[in-house]
């Protein structure tokens, strides 16, 4: 049980996939202008990350390794991610049509979000990660992505009404803010011993 908590905390804070491993930067910068949109995408991405991590483990364990097809891992994982994203898109459209319209093109673009493929590949490469550990790591990666995305969106909303010098407006102040957030998350680096 302690190991599962360490995997979860490690994925959320210590090895945050956005601020420490620099995966998922496209939606991080692109969807963080409004907090409502950021929350919606964060929830959808967390769901996709968790489900894709578990499905990728099953594909790796019960299809690719027994049939000696490990060279098809990346293509297989992309296929699994595409199916999970389509399922998520149908679920969001059915449960919240407003959120579906607000997210627009960003929902199907979760398929190309490198954090989803990165988590699946890292889970496959980690020796000793079983089905539950892969799911917990995917869920933790989703929570870490959500935490960072929502915090960044809240800061960008505040920055939008602030008096920012002209050379720093737009992407420049966004990248500076992301860099400061990354420095703050580096403070968690010694929290869990490898």
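Placement of Cβ uses the backbone N, Cα and C atoms for every residue, glycine included.
Per Swiss-Prot, transmembrane segment is recorded for 4-24 (among others), and the stated evidence type is sequence analysis.
If you look up Swiss-Prot, you'll see 39-59 (among others) marked as transmembrane segment. Long-range contacts of the transmembrane segment (39-59) within its own chain (CB-CB distance under 8 A, at least 6 residues past either end) are made by residues 24, 27, 31, 76-77, 80-81, 83-85, 87-88, 92, 96, 99, 102-103, 106-107, 110, 113, 115-116, 119-120, 123-124, 129-131, 134-135, 137-139, 141-143, 145-146, 149-150, 153.
Here Swiss-Prot flags 72-92 (among others) as transmembrane segment.
The transmembrane segment annotation in Swiss-Prot covers 102-122 (among others). Within the same chain, residues 17-18, 21, 23-24, 26-27, 30-31, 36-37, 40-41, 44-45, 48-49, 52-53, 56, 73-74, 77-78, 80-82, 85, 88-89, 92, 137-138, 141, 145 sit at least 6 positions outside the transmembrane segment (102-122) and bring their C-beta atoms closer than 8 Å to a C-beta of that stretch.
Residues or ranges marked as transmembrane segment by Swiss-Prot: 135-155 (among others).
Within its own chain, the transmembrane segment (172-192) has Cβ neighbours under 8 Å at 6, 9-10, 13-14, 16, 19-20, 28-29, 32, 148, 151-152, 155-156, 159, 164, counting only residues six or more beyond its boundaries. As annotated by Swiss-Prot, transmembrane segment applies to 172-192 (among others).
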